[in-house]
Structure formats: C-alpha cells, structure tokens
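According to TrEMBL:
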ACT_SITE  TYR142  active site, proton donor/acceptor
ACT_SITE  LYS172  active site, schiff-base intermediate with substrate
BINDING   THR51, VAL215  pyruvate binding site
Amino acid sequence: MTPRKKLKGLVAATITPMTPDGKINLPVIRQYVDYLVNEQNVKNVFVDGTTGEGLSLSIQERKQLAEEWMCQGKDKLDHVIIHVGALNLPECQELARHAAAVGADGIAVIAPFFFKPTNKDELVAFLQKVASEAPEVPFYYYHIPPLTGVKIRVEELLDGIKAQIPTFQGVKFSDTDLLDLAQCINKNEREEFEFLYGVDEQLLSALAVGVNGAVGSTYNYLGRQTNLMLQAFAKPDFALAQRYQFLTGEFLSFVIKLGFGVAQTKAVMTFVSGIPMGPPRLPLVNASSEFIVKAKAKLDSIVWPNGD
C-alpha cells in the first residue's frame, strides 16, 4: 500500500455552486478545481461543509457533489475531504459509506446539534458509529462550537480516541480557543494527529502553536496570499507573515461589519474568480448589491506585500 500523503497547508472549504433557480451547478466544478490549483495554489478541498451549505442539501445532492469533486480533482488535487455530518446517525453512515466508495481521501463529521452530545463519551460513541462505516478512510472530527453549541474540549476528546476510532486522523478546529488547540498539539508529541485550523483571520496565531494547516473559505479567493504568509512564517519572516495576516483581517473585519456569511462568500468568490457561484439556499438569501460593491472596492484597495 502506498503511504498516505500527510494533509498539511491550505484546504479550501468549498462553496456549492448553484443555478439561479437553486439547483446544484455541477458543470462549473471542473473550472473551480482548475482555478484553485492554477490561480490560488490550493490543492486540498473540504467538500459539503459549512461554506458548502452541506446541511442545507439533500443526501443525493451531497453524494453528487462528492462524486463530482472526486472526478474533477483526480490527478489535480492532493486531498478531497468529504464532510458527512448530519443530524441523524443513519444519514451520516450512508454518506460515509458513499465517500469511501468514491475514493475520498478523508471524511469529517460535525457534532449533531439539535439533540446534542453532552459529554465526551456520547460524542465519541456517535463519531465511532460513523467512522466504522468507512474503515479504510482517515477520519476527522469537525469541531465548530459556535455553530453546534457542542463545547466539549478537543483536548479531552483526544484521550484514548485511537482505541475507539482506529481511523481517527485529526481535527478541523474551527474555534477561537487557542488554549484548547495548544494543549492538543502539546499532547501530540508523536505527531500522530493532524490539526487544521478553521478561523482564517487567526491562522497566524494557530501556526505559532503548531497547527499542520488550515481549512477555510477565504482560501478559495485569498489562497495565494495566504500561501505567501505560510512561506513567510516558515522562513521565518514574522513581520512579513504578520503583514499578510493583518491585511486579511482588515478585509474580513470590513465585510463582517456589513454582514458576512455563506451568501456573501459566494458573492466574493464570484467577483474574484469569475466563476458563477449563484445564490445560497433558503433560509439564506443573496448578498445585496450594496455589499458586493463595497466588498469589491475594499478588496481592490488592499495592496499586498507581493505587489498585488
């Protein structure tokens, strides 16, 4: 068996392109893959997650997206991670089996957030039942307490997890609790697990405590600049790395004040890439024309250290 290539660097949390009438626009995925690879130098993707409106899609739509990303990413992408989380266990298991069948490089699961696990044992029991349906596929826990309300510390979750979930590979850590993250990495002495940070505007802080990489929506359209930040950090040229982080933060701070979510991310990706991402699915509504004008003007006004 060929040794598995370690997942590190940037992972784009992919957007789900939709037609004006709200159907999945599968034909643009090919263009999307080429754009990420050629324009943003991003070769890893996280499909059907929060940015991809995964929990607003039907099971069939999620399968179609997984298949299309696997097909179009073949020989172009390094890793395609499929999010298979849902509000009920049978759907998670069905999606996990499907992801394994189409050759996904990993699967990820969000904690169920209507009937919530209240402690580590309940959460691990749920995750184990999903992971066991794809016994050859690396498994990631998608930790995003601001959306799930499940605030079980990842440091606690990791204790003994390999014994219960042999395929456990790591965590998509989408929280601002850098103490929890740092303790996870401190315990990961053998580098058994991968920690991928999910709060784009704080990535530099996470790099300082030792994350392997990052999963985020901004890497769809600011991947090239963020890769330059990673290079600066590795040199190390901390002043240059800070400059990239501060400029990313300046843009995000500006759009957050305008109201920034999945719909607005789709709008930004559309005007930056030229690829039509279409509308979000209800209950989300389209970004306003005012938002688009202001966000584009702000992004155009930023002068990046590489001269862009």
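Note: Cβ is positioned from N, Cα and C throughout, glycine not excepted.
What TrEMBL says about a protein is an automatic prediction, not a curated fact.
Mapped onto this structure are the features recorded in TrEMBL.
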residue	record	Cβ contacts under 8 Å, 6 or more apart
THR51	pyruvate binding site	ALA13, THR14, ILE15, SER217, ASN220, VAL262, THR265
TYR142	active site, proton donor/acceptor	GLY49, HIS83, GLY85, ALA108, VAL109, ILE110, ALA111, VAL171, LYS172, SER174
VAL215	pyruvate binding site	VAL11, ALA12, ALA13, PHE46, GLY49, ILE81, LYS172, SER174, LEU196, TYR197, GLY198
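Counted within 10 Å of its Cβ, the other Cβ atoms near LYS172 (active site, schiff-base intermediate with substrate) come to 29, all protein chains included.
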